[in-house]
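Written below as structure tokens is the structure these notes are about.
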Amino acid sequence: ACTGIENIDEAITLLEQNNWDLVAAINGVIPQENGILQSEYGVETLHGPAYGPTSHSAAASAPSSSSAFRHVVPSRQIVERQPRMLDFRVEYRDRNVDVVLEDSSTVGDIKHILENELQIPASKMLLKGWKTGDVDDSTVLKSLHLPKNNSLYVLTPDLPPPSSSHSGALQESLNQNFMLIVTHREVQREYNLNFSGSSTIQEVKRNVYDLTSIPVRHQLWEGWPSSATDDSMTLAVSGLTFPCHRLTVGRRSSPVQTREQSEEQCTDVHMVSDSDGDDFEDATEFGVDDGEMFGVASSALRKSPMMPENAENEGDALLQFTAEFSSRYGDCHPVYFIGSLEAAFQEAFYGKARDRKLLAIYLHHDESVLTNVFCSQMLCAESIVSYLSQNFITWAWDMTKEANRARFLTMCTRHFGSVVAQTIRTQKTDQFPLFLIIMGKRSSNEVLNVIQGNTTVDELMMRLMAAMEIFSAQQQEDIKDEDEREARENVKREQDEAYRISLEADRAKREAQEREMAEQFRLEQIRKEQEEEREAIRLSLEQSLPPEPKEESTESVSKLRIRTPSGEFFERRFLASSKLQVVFDFVASKGYPWEEYKLLGTFPRRDVTQLDPNKSLLEVKLYPQETLFLEAKE
């Protein structure tokens, strides 16, 4: 993250060189501020010449690439740290320029290098693709915190598109049809194949594989011009003889096949192999002996359709569309949304305002002469693919089949209205492909732009950017409204939450009071029941006591004086022959049950309740009189 090193092996190597000291490894890679490095001679500011870019041009139809390096030569041979270098891949129309310079350089330095390479004034360039906000020519690259590898693109809206006799001749060659007479060496059979000038050598070899069952990697060719060194080269620039050119193909040395085996491999020509994942180019560009080959119509050799006809599930149709698009035009293409158009609406328009995007609908048509050029050179351009992936949800549909066309027009009427549907319905085949830019609004979906296939990369990018400006303004308003609405909802939620907490507190307080009152009532009931029970026991004991003997009784009488814990005294006479239990019952009848109180003697001090209650008072020496006192048990 600090150094921009993306290669894990390189990062581990640097750590190992610094004994896995992270700070030392980072300091060894990142230069000090303002490009000032330390040497044993003191502090020196390093300067070096900026070498001009070197470039090479490939075939006219293939993107050319160039390289520009800005090398820093230190003023001292011994330095502790090296400057951090940044790599830029800059795309301009059909060219790619590689620029390598220090992170202490400015954006203007990149433009000066591109000015020498592209022969375009720096003042006319718009350098796009930065991940940060506003960037001007004086911006230092270090302040942008860029990774090591970066992709940019150049726009020149003030310059007219290139037009020259060379480009006109090239375009004319791309539109021409070449007749290739291919001889299959093993079976001595000739095939007359028609290809457009925009077809590539690789496409020819793949189609020949379908005819001869010789895989591309095993094909051995004779007759290609010496300039045809790259299979990605188009026929228009490969040096073929126009309008007819002879070629010979055979199988590379491998297990020997007999003539009969080879003939057997190519008898059933209508069974087209798809093992390589790629199919034929447009059927109108592929012909064999005036449309017939061994009695089989040329329609049998047609490439797979972009989308199945009358597909029940739109998601399955889009899966086939994406796979077929990749097989024809490569893996660098927009990421198509897999799902129904309604699902694409949901993804683009109905999320959070900050997450919403524009919806781009690509309408493909195989029978349009513009389709191949639009897809391969514009829709698959790195700058377009990057811009679409960052700012758009891209959905696609194939309008080649009448059933699929009618189905889309029905969807278009339902979502955009009859005016937009009629506009698409009146488009001619040669005006396809179409690119619809849709912006979601509160109550409807608005079509901002309908881009036809006869456009350029710069014009397509400018129109996408113009749509983004409109969308960004609307998005800012939506974000503001959403923030205000969320703020109001947050206040309301906080108020509701406070009210709910208050209600819960009141309810909890009320329930606590009710529980306390219920507990008090329960305890009171228990106390009353206990008192009633004790009173009943006391009365029962009182009634069961033998009558108190009189003082003039002839029998032996014991007089007991009992002191309560509160200091009160009560006296009673008992027969000396009465059992000790009678004394206990008497005390209990006064409200002092012997289970809760001890009856203690004074001289000697003893616990009378510990004595045998069946013994008489005479036996326990409580005769003729005794003073006792009550004490509560622990």
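The count begins at 1 with the first shown residue.
The backbone N, Cα and C atoms fix where each Cβ goes, and this holds for glycine too.
TrEMBL labels come from automatic prediction, so no person has curated them.
Noted in TrEMBL for the protein shown:
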REGION    475-495  region 'Disordered'
COMPBIAS  485-495  compositional bias 'Basic and acidic residues'
REGION    539-559  region 'Disordered'
DOMAIN    553-630  domain 'UBX'
Next on the checklist: Just to be sure I understand, if DSSP states are collapsed into helix, strand and coil, how many residues of the domain 'UBX' (553-630) fall in each?
Outcome noted: 13 helix, 29 strand, 36 coil
Next on the checklist: For a three-state summary based on DSSP, what are the helix, strand and coil counts in the compositional bias 'Basic and acidic residues' (485-495)?
Outcome noted: 11 helix, 0 strand, 0 coil
Checklist entry - Quick one: mean pLDDT on the domain 'UBX' (553-630)? => result 89
